[in-house]
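Residues annotated as DNA-binding region in Swiss-Prot, with sequence analysis given as evidence: 89-148. Under the heading compositional bias 'Pro residues', Swiss-Prot lists 17-26. The annotation compositional bias 'Basic and acidic residues' is assigned in Swiss-Prot to 55-68. What Swiss-Prot lists as compositional bias 'Basic residues' is 85-94. Residues or ranges marked as N-acetylmethionine in Swiss-Prot: Met1. Annotation source Swiss-Prot lists phosphoserine at Ser46, Ser48. Annotation source Swiss-Prot lists region 'Disordered' at 1-103. Taken from Swiss-Prot, the feature region 'Interaction with PIT-1' covers 149-280. As annotated by Swiss-Prot, motif 'OAR' applies to 281-294. Annotation comment: Swiss-Prot describes 287-291 as motif 'Nuclear localization signal'.
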Amino acid sequence: MDAFKGGMSLERLPEGLRPPPPPPHDMGPSFHLARTADPREPLENSASESSDADLPDKERGGEAKVPEDGGAGSAGCGSAEDPAKKKKQRRQRTHFTSQQLQELEATFQRNRYPDMSMREEIAVWTNLTEPRVRVWFKNRRAKWRKRERNQQLDLCKGGYVPQFSGLVQPYEDVYAAAGYSYNNWAAKSLAPAPLSTKSFTFFNSMSPLSSQSMFSAPSSISSMTMPSSMGPGSVPGMPNSGLNNINNLTGSSLNSAMSPGACPYGTPASPYSVYRDTCNSSLASLRLKSKQHSSFGYGGLQGPASGLNACQYNS
């Protein structure tokens, strides 16, 4: 209140009686406030300048937006043009008439790869364009190659495979036909099959009569080995009785050797009868030669095994 009253009294005083203003150093706070307020002005000015400077940017942004709008408009035009382009790029299906197809097929049978001039001629004949004719020939060649490939596959499946399938048998069928199995190897190794049960096609095809006819009786052997002009008594230095004894001995021994009951190996129809016949014939010929030698000068000497038959020799 005192300060307010003092202020009021100073204002009521005339100008001449008013006290002088305070010294400048007392105005520091006011100047300081003014100084503090001064830096704000540039800030405000800078803000205004920045806002003013932003205006061209905004204008530029607006100007930039115009191309964006224009770009959007162009994009819209492009989007509007895309379906048109798609419609242009989309191929329309060509429907050929029967006359056109006949002409094209006839030309394809003559030439599968027509050149440009020939395609143009075909296009003129069929009232088609050259690209249509070219595409038709391309598709027709692809269809023809596919048909040829399928025919070759059918021939391979239907013709050649059955011919070879009859010749080649699976492994299981071969083993089954031969009588083998995968589980009886141990049984076969422990219990071998007898000789008479084995099958040999070559020897089984030979009958016992043919095997016996191969090796004839001693009389026939003696007649074959001796000339026809030489009879039993024509041998010099050898009596007829000695030759008769030789024939009797060799005939009895050979008959006993070739008889089925004399040998315990099996019937003459067995595949090993040929081998036994060869052994018997060789032994019989050896005994015949020994008898002949003994009759010529060694009649008193006779081996201990001269009375044995062929089977006893084999044993």
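Glycine too: its Cβ is placed from the backbone N, Cα and C atoms.
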Which whole-number mean pLDDT does the model give the motif 'OAR' (281-294)?
76
Using DSSP, how many residues of the DNA-binding region (89-148) fall into helix, strand and coil, respectively?
44 helix, 0 strand, 16 coil
Kindly report the helix/strand/coil residue split of the motif 'Nuclear localization signal' (287-291) according to DSSP, in that order.
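Counting residues per DSSP class in the motif 'Nuclear localization signal' (287-291), I get 5 helix, 0 strand, 0 coil.
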